[in-house]
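J.: Feature table excerpt (TrEMBL):
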- 1-26: region 'Disordered' (REGION)
- 1-12: compositional bias 'Basic residues' (COMPBIAS)
- 39-63: transmembrane segment (TRANSMEM)
- 69-92: transmembrane segment (TRANSMEM)
- 123-273: domain 'Palmitoyltransferase DHHC' (DOMAIN)
- 166-196: transmembrane segment (TRANSMEM)
- 230-262: transmembrane segment (TRANSMEM)
- 348-392: region 'Disordered' (REGION)
Amino acid sequence: MNCFNKKLRRTSPIHGSSTNELVPSKPPRMNGWSWPPQAFQVVGWLVYSYLGIVSFGIYIPLLPPPWNHVVYSVIGIAFVLHFFTHIAAATIDPADASVRAKQSYSNPMPFFDRMKQPHVIKDLHCYLCDVKVGPNVKHCGVCNKCVEDFDHHCQWLNTCVGGRNYWCFFVALCSATLGVFILVVVILFICIQHYLNPDSLRTAPQFHNLLGNSTWLVFLPLAPIKTSSAALLILAFVTAMLSIACLLLLAHLLGFHCYLFFKGISTYDYIKTQRQKEGRKSESENPKDVKIHNKTLQSQDTSIDCEPALSQSSGTCKLQNKGSLTSRFSESICTELETFRKSADKENSFHYGTENPTKNAAKAQSGVVTSAHRVPGVQDPLGSAVMTPDDT
């Protein structure tokens with residue numbers, strides 16, 4: 001491993017016996033209600049509550065009949081449908097059937113050791129969940145479990161979206177888009193009528209006792225509260241801006257999933273295909289840069305080759321062309337690494353990796369780096385999903 005091009009990954013030491021085991025990690029997540037909650041999840045529920053209060057308590061009651069009853073029915077169905085489908089999508093465990101049958105969500109899962117297996121899932125067997133899985137199963141690094149028909153990890157739901165909860169997610173997305181769209185139309189109508197014909201918005205019986213158009217009532221008809229015309233318009237402006245922002249995000253996400261449905265692919269398949277296209281495009285456009293980059297890596301590899309073992313065993317540091325200033329600087333760094341390795345050898349109570357000490361010593365002498373780490377995640381283009389494929 002080159003000292004200057006690659007980061008050294010090391011697991012935290014564990015006190016115990018000399019028997020090496022996988023370093024334990026956090027337990028897998030069961031669903032979207034598993035602790036801790038995501039910031040997007042909390043923000044989503046706060047926005048939902050705010051829009052529900054201002055729509056049913058302030059603006060819909062100001063509509064003239066029979067439009068107020070129509071909007072009450074349509075937006076009410078949209079909000080209620082979104083509420084239940086959102087909860088269902090977050091509550092359903094999207095894990096594979098074999099994982100749900102075996103998995104104990106209170107026990108921690110081990111770190112993945114790439115020195116033993118290059119992929120989390122190989123030959124339809126997950127080495128973290130230790131179960132046989134189907135061909136469309138992916139291991140999510142955030143939820144730390146295998147998900148059936150993996151689509152993406154949704155930060156708004158705080159759980160993975162897979163085959164078991166995808167349609168709940170899709171219906172929740174459609175209902176939210178419809179409800180926010182109707183709310184934007186209602187607010188725009190009220191703002192326009194407030195200047196053109198305010199009497200059309202004051203049809204409720206409670207307005208009959210008020211003189212002039214400067215005083216308005218909110219939370220009709222159960223708990224009418226007086227407010228000024230300026231406060232009503234300022235709140236309408238803030239709500240309209242928030243609703244339009246939500247509508248743009250929801251419409252973008254809904255259009256994207258409709259496109260995926262038309263193509264018959266998942267979000268994970270789309271991200272993977274786009275990355276492959278970008279990789280081929282960059283190679284075709286800049287073949288000289290790729291060759292120069294490869295030559296640079298080869299020259300760096302020939303100048304210095306530091307291979308510190310991250311287990312109990314020793315590390316080696318090989319230097320070539322020691323006469324140059326660069327190699328002298330490299331030699332000083334490798335000397336520091338060697339000193340650090342010797343001090344680590346004295347700590348017999350610490351152990352790293354997944355294999356026994358004798359095997360680790362043999363690997364370290366041959367320059368093999370032993371490390372244990374998780375599968376990295378990937379952010380999707382919509383900014384609301386994290387892709388964690390098993391073959392990263």
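Cβ atoms here come from the backbone N, Cα and C positions, even for glycine.
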J.: The transmembrane segment (230-262): which same-chain residues, six or more beyond its ends, come within Cβ distance under 8 Å?
T.: 47, 50-51, 54, 58-59, 170, 173-174, 176-177, 180-181, 183-184, 187-188, 190-191, 194, 216, 218, 270, 382, 384
J.: Please give the average pLDDT for the domain 'Palmitoyltransferase DHHC' (123-273) in this predicted model.
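T.: Summarising the domain 'Palmitoyltransferase DHHC' (123-273) by its mean pLDDT gives 90.
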